[in-house]
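**Student:** Handing you this structure, nothing more for now.
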Amino acid sequence: MSFRIAECSAAAGMILLVIIGWFQISDLPTDARMFPAALLLIIGILSTALLVRGIIGKAAHFLNDEAKQWRFAISGKRMFIGFAMLALYFLTLPYLGFFTTSFILIIGIAKGAGYHKPIPLICSALGFCIFVYAIFVALFERPLPEEFFVTLLSTSF
Amino acid sequence: METLQAIFHALPAVLAWHNVLAMVVGTLAGMVVGSLPGLTATMAIAVLIPLTFSMSPLVALGIMAGIYNGAMYGGAVPAILLNVPGTPPSIVTTFDGYPLAKQGRAALALKVACWSSAIGGALSAISLMALAPPLVLVTLLFGPSEYFWLGILGMSSIAILLGKDPIKGLIAAAIGLLLGTVGSDVVTGQQRFTFGRLELIDGINLLVILTGLYAIPPAIRMIEKRYSENTERIEIKGHPDDGFFKNFKYLLPTWLRSSLIGIGVGILPATGGSMAAFLAYNEVRRTAKNPELFGKGDIRGVAAAETGNNSDNSAAMIPALVLGVPGSGVSAVILAGLLVHGLQPGPQLFRDTPDIVYGFMWQMLFTSFMLFALGGNIATRLFSQVMRLPQVILAPMIMCLTLVGIYALSNDMFNVWIMFGMGIVGYILNRLDFPLAPIVLGLVLGNMIEQNLRLTMLIHQGDLTALIASPLSKVLFGLCLILCVVPIFRRLRRAKS
């Protein structure tokens, strides 16, 4: 994807969000609507300017060589995997618990990115879990989703 | 005299053991973060703020001050050893730092960076103590319309001057302001952009947006780079002539000149450490008797860059603490940290909680001195090892840490998912060169801008001209106009040429 296409897509997306936002606040009384409406108008006008500028190629012209070398992601595949793993982490977290999912996430991401030294990897993941437990759970008493095996054991006995 | 008494009254609390420990931990953490390319002080503070929620304000601010000063120095370590700037302002440090390392004088370059960072940071903290209290008196002249224009001025200066593209900066600022309107309207009680979700009635927590925007995108960028072994060996050998007092006289003029430049730049909105470092480096080179040595490994080059960069730190907090308008991206995030701990910037901060605000100033000073103690040979060797920590392991750890802070805000996953969404938005905006600081600033200043606008309208029965009725509001409005018009003229001139 070129910089120009990406910029135009973002501008078009913002215009769409402005339209949705406009309908969202249309029922509000004037006083409460005034400020968000002004902001939506500003975003709409500026996004249109961005879109027009992108279509006529002005943005790429200003950026010169930078625009030519531009890439949305260093590796689109790894970016997608990164976000997907993070989403999976958040999805499974309430069921498996913080430490179990964090341990799996650290190992999974590092392995996926080409790190293949099992002992340092497991030690790092374990060390991180112990650090978080000691500082945030034991010392500062921060609540975190409970581990599935702890729940399982407590219901069994 | 009263101010001086208030400043010294705050000192005993700052020197309590838990506050000193917080400063030490913050400074060390900042150095580590700064020495890792790709991690910035802004990100470290953004990840940290939710974790400091249960701490006392002074402990939390001590950690933030330490991270701020520590990270700005830490950026010099990879800049000197690997020619890779750890933080954006340390690009200037590479000009002479890396050539020095190639000549086998890495230890001297690192020491000069450490001394310069400490001196720059300390002088900047003193300027904060000296300039902020008298400036508070100016704010007494401000009414609702003046506060409205001040907020607009702060927003537009960051939005227009910070990024490469004023249009994108302004869009980012408007997005920030819009995110701030989510929830119940304070005057009418009407719900805005809540989509029927009860969790959104009180609005989106500032920390959720901050963490999503600043912590997730860099972590994803780290994962994108495939892991490769770092084969470069780092040699750090000391020399008897590398002592502080042996170089003091030679470097003193550079330190003083660069500090003044850094402080001046820091007070101006939307300039930041990079500009301070560049200006200081150029000025020292311009006035040097042998400017041809710069760029080939001159310690004055390292000293100018690091002093300029660090003397911007506390100075950027002057407009943030006094007016609630931060001078840089990092100070915007620290300002958000103050708000999280219930501290509203402005004259009331100095009047109601002097021990905390002056305590923070002391913390900025002490954490600068701590660089002397903590940034020596042993620390440098340690950080050169830290730099070898694979980023593919570090990235998921950052992601997990963000969760620890955000989950605890309401003990459910709703905020975590909003943070994830903001992470995606932040990633896209970042890749398209939208500056993120205006979004944070929009969230911080949004309430002040809307409330003062509506108050002015209410007092003057909807008369819009009341916004520019007083001479001070006219001046502020004029400054806003200049700020918007200047980039257009500059672009037109560039297009012509």
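Using the three backbone atoms N, Cα and C, a Cβ is placed for every residue, glycine included.
Whatever TrEMBL says is automated annotation, not expert-curated.
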**Student:** If you look at how TrEMBL annotates this chain, which of B:3-25, B:118-140 comes out as transmembrane segment?
**Tutor:** B:118-140
**Student:** Given B:45-61, B:147-163, which one carries TrEMBL's transmembrane segment label?
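**Tutor:** Going through B:45-61, B:147-163 one by one, TrEMBL flags B:147-163 as transmembrane segment.
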**Student:** May I ask which of the stretches B:147-163, B:260-281, B:392-410 has the most CB pairs under 8 A with the transmembrane segment (B:200-220)?
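**Tutor:** Looking at each of B:147-163, B:260-281, B:392-410 in turn, the most contacts to the transmembrane segment (B:200-220) are made by B:392-410.
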**Student:** Restricting to the same chain and to residues at least six past its boundaries, which positions have a Cβ under 8 Å from a Cβ of the transmembrane segment (B:260-281)?
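**Tutor:** Distant contacts of the transmembrane segment (B:260-281): 72, 87-93, 95, 120, 123-124, 127, 131, 153-154, 157-158, 160-162, 294, 301, 304-316, 318-319, 325-330.
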**Student:** Is the transmembrane segment (B:147-163) in contact with the transmembrane segment (B:466-489), using at least 3 Cβ pairs under 8 Å (sequence separation of 6 or more) as the test?
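**Tutor:** Between the transmembrane segment (B:147-163) and the transmembrane segment (B:466-489), which are separate recorded stretches, there is contact, as judged by 3 or more close Cβ pairs.
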**Student:** Determine which residues of the chain contact the transmembrane segment (B:320-340) at the Cβ level, with the cut-off under 8 Å and only residues 6 or more beyond its ends counted.
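**Tutor:** Same-chain residues near the transmembrane segment (B:320-340) but 6 or more away: 40-42, 45-46, 49, 52-53, 60-61, 64, 68, 128, 132, 135-136, 138-139, 150-151, 153-154, 157-158, 162, 206-207, 210, 214, 266-273, 312-313, 346-347, 349-350, 357, 360, 435-437, 440-441, 443-445, 448.
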